[in-house]
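Record features (TrEMBL):
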DOMAIN    6-129  domain 'Arf-GAP'
DOMAIN    132-233  domain 'PH'
DOMAIN    255-360  domain 'PH'
Amino acid sequence: MAAGNERSMKALKEVWKRAENSLCADCGKPDPDWASSTLGVFICLSCSGIHRNIPSISKVKSLKMDYWDDAQVQFLAKHGNAVTKAIYEAHIPIYYYQPTYNDCQVLREQWIRAKYERKEFTEPGKHLPYSDGVKEGILWKRGRDNGQFLPRKFLLSEREGCLKYFTKQDAKEPKINVKIDVINATFQPEKIGNPNGLQITYLKDNKTRNIFVYHESGKEVVDWFNAIRSVQFHYLKVAFPIASDNEIKNRLTRNFLKEGYMEKTGPKQKEAFKKRWFTLDHRRLMYFKDPLDAFAKGEVFVGSGENGYSVQKGLPSGTQGNFSWHHGITIVTPDREYLFTCETETDQLEWVRAFTSVINQAMTPQEYASKCLGAVPFPS
């Protein structure tokens, strides 16, 4: 018996060591140490918890702590991540967002359920709830002034190239009508205080407007998210006919590069530093009094190094404004310097890294146009 167990463990390790199985099959996290004995995939601890919630589809076991018999090991050897992905990920729409281990729970769970439970990607031409070019339904939207979440009707239309929402079910005219090409959507469960919280942003008069929504159903809110990406993709295919699918895919919804609190001072650099919530959305650095504000108090464009932008740790010598946090950052632009302080050195390094990643990228023609339109400079 001991010899058989030893033989199974040796065979298991051989399969486990294959290059194809070195990343979690569902989120890409390195060094997965769990596996599904019914699907034949190697997965991380976090994804194994999601698999455990669909026991009719997947039985999960630890590769380190649990016993694997010969038949189970042979099943893993016959399948593995490459073979199983070829089945369950055969026909993923290019616009569909495939989450990583850095993404929130609802995105990862619905991705796993879409693959294995609903089998959405196993055959070509399958009807998908986010591929119709139109989606209508109720989302709970946070009120701009009172902060209460109330049900609102939303309508997404590829034909009209827009997203609308209505304050009443029977309203003839929408409260907003936003062109699809100026919309972004990103999941924000912690900030919104709901596991299915989605932040929708759009540009209005070249200023960023935030809408915070959620749906009780994780599947429904992720369907809305991918429906927005689907409509954007097809709109951009028409607008940029010579662009490749991958180029267009990279222009769909994006996560923010960095968010969090910093202190800021005004343009004279003598005012007291005030604590504000900052969001870096690629080249737009915005600040808010509250993370759930509908409009930014100010925005600044962050250009490239070759155009005179840079980031430096610390504050200029002789900075006079009073500040309670002591880990400074200076953003240098062709027009002025922007001064910030962070609470911890870790925050400082993360912000510097995020700014550096943007400044090191060459500007596109569209970004030059955005700069000419002008982000709103920070007031005092």
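The backbone N, Cα and C atoms fix where each Cβ goes, and this holds for glycine too.
Curation does not apply to TrEMBL; its annotations are automatic.
Mean pLDDT, taken over the domain 'PH' (255-360), works out to 91 on the 0 to 100 scale. For the domain 'PH' (255-360), residue counts in helix, strand and coil come to 18 helix, 41 strand, 47 coil, using DSSP.
As a summary of secondary structure, the domain 'PH' (132-233) carries 23 helix, 47 strand, 32 coil according to DSSP.
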